[in-house]
């Protein structure tokens with residue numbers, strides 16, 4: 001069999017089209033990029049709404065349980081306006097209630113995420129925007145009821161706030177927002193653009209992670225309820241932005257994109273997830289398992305703050321600087337470094353997009369594994385900070401691995417694939433969070449190197465993911481990744497006709513129409 005068609009192999013076919021339609025292609029590229037930017041902005045507003053209320057909401061929960069505790073044990077501690085000195089709320093019994101509540105709230109909030117799979121399937125027929133809008137409505141109602149119940153503390157018990165999770169059943173909650181954002185990005189992107197566009201989503205998350213707490217602090221000092229108004233306003237703005245671009249599923253469905261086969265392109269028939277052979281889905285099961293370890297980044301960052309305080313004897317407030325450092329570096333790397341680096345690699349080497357993403361995924365998992373190992377073994381704060389940067393360099397496993405798997409399914413299965421990735425990440429959090437908590441408590445009982453036991457455990461998990469990616473690569477079905485290839489590193493035949501290459505103008509015309 002022949003080798004992968006290189007970038008230069010397809011360049012001549014694309015050049016013939018650019019010669020006749022270069023102004024159209026330019027306008028089309030701009031239109032598709034505009035849609036992707038709006039999608040990333042919507043995702044930023046969604047994540048920002050969560051981070052801006054995170055600390056204030058926790059304080060309101062704490063105040064609610066604190067007020068109920070002293071109402072029974074010492075009513076004199078409660079002010080006329082219902083306030084209680086924050087120092088008094090650090091009582092062990094009160095903190096136990098707060099921790100217990102947070103645990104149940106997180107578990108209940110995750111359950112609606114299962115809806116992402118059936119909703120993603122329906123989005124293939126009815127479009128992405130309506131289901132993303134529905135999820136945003138559920139999130140608005142969730143925030144509104146949470147803060148309304150906390151405000152009405154004389155009528156509603158604090159424990160009743162947990163019922164707010166029921167509102168996330170309207171639309172499926174954050175998991176559906178993640179799925180639809182990824183699907184929209186896929187609809188408006190070529191195979192070579194997927195990693196860059198997914199980096200925009202990840203960069204939006206990092207930006208929200210940085211700006212949310214920074215905006216929250218001054219708002220909270222003014223009023224504990226102000227962040228909630230800002231969060232709800234951000235979600236409403238995100239919903240309004242959905243109406244600034246047309247539905248994207250039609251472009252993905254009609255444009256004979258890179259993921260359609262030769263026969264489908266000739267007949268014009270639209271494949272469905274049912275048209276894929278069971279063997280084609282089975283060969284994705286093991287590669288999909290890599291998403292079990294991709295969300296461990298947030299767990300590692302959270303453990304690192306406590307780990308620095310424990311090992312080096314500094315205050316938690318002082319050790320939080322590392323979280324800011326990781327957030328800033330993550331944003332710079334995945335917005336300003338990775339996209340141009342990947343584009344340079346593809347342009348100079350002519351390596352197929354899918355093969356580049358496969359290599360980047362192996363690099364990411366390797367950096368995660370080595371970085372976690374170095375964090376656990378670091379003898380000083382400076383060494384630990386450098387190790388944390390190594391670990392953070394590999395944060396974008398989802399950004400590079402999801403485009404590889406998207407190349408293995410047809411257009412109508414992309415949303416279902418994105419939903420499956422989100423659900424698997426959710427199960428990864430459920431499975432590994434308790435194990436890492438146990439490793440943390442066990443490691444903190446030791447002195448010296450063994451204190452880093454949770455990071456050694458994370459290193460092993462990422463190494464397992466690297467093994468799967470290396471030894472069990474999926475088989476691309478798309479034309480851009482070569483439909484007839486034996487594996488990511490295998491070979492295939494070169495597309496025979498110009499129809500195998502999809503122009504941006506064709507997809508944008510459908511979007512505009």
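Even glycines carry a Cβ here, placed using N, Cα and C.
Unlike curated entries, TrEMBL annotations are predicted automatically.
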430-451, 452-473 - the one TrEMBL records as transmembrane segment:
452-473
Which one of these stretches, 58-77, 78-97, 98-117, 158-177, shows up in TrEMBL as transmembrane segment?
158-177
Quick one: which of 296-320, 321-345 does TrEMBL have down as transmembrane segment?
321-345
Which one of 390-420, 483-513 shows up in TrEMBL as region 'Disordered'?
483-513
Take the C-beta pairs under 8 A between the transmembrane segment (321-345) and each of 198-219, 225-245, 365-389, 452-473. Which stretch has the highest count?
198-219
Contact between the transmembrane segment (131-152) and the transmembrane segment (225-245) (at least 3 Cβ pairs under 8 Å, separation 6+):
yes
For the transmembrane segment (198-219), find every same-chain residue at least 6 residues outside the stretch whose CB is under 8 Å from a CB in it, and list them.
36-37, 39-41, 43-44, 47-48, 50-56, 181-182, 185, 226-227, 230, 324, 327-328, 330-331, 334-335, 338-339, 395-396, 398-400, 402-403
Are there residues at least six beyond either end of the transmembrane segment (452-473) with Cβ under 8 Å to its Cβ atoms? List them, or say none.
286-287, 289-290, 292-294, 296, 299-300, 303, 307, 311, 358, 361-362, 365-366, 368-370, 372-373, 375-378, 394, 397, 401, 432, 435-436, 439-440, 442-443, 446, 487-489
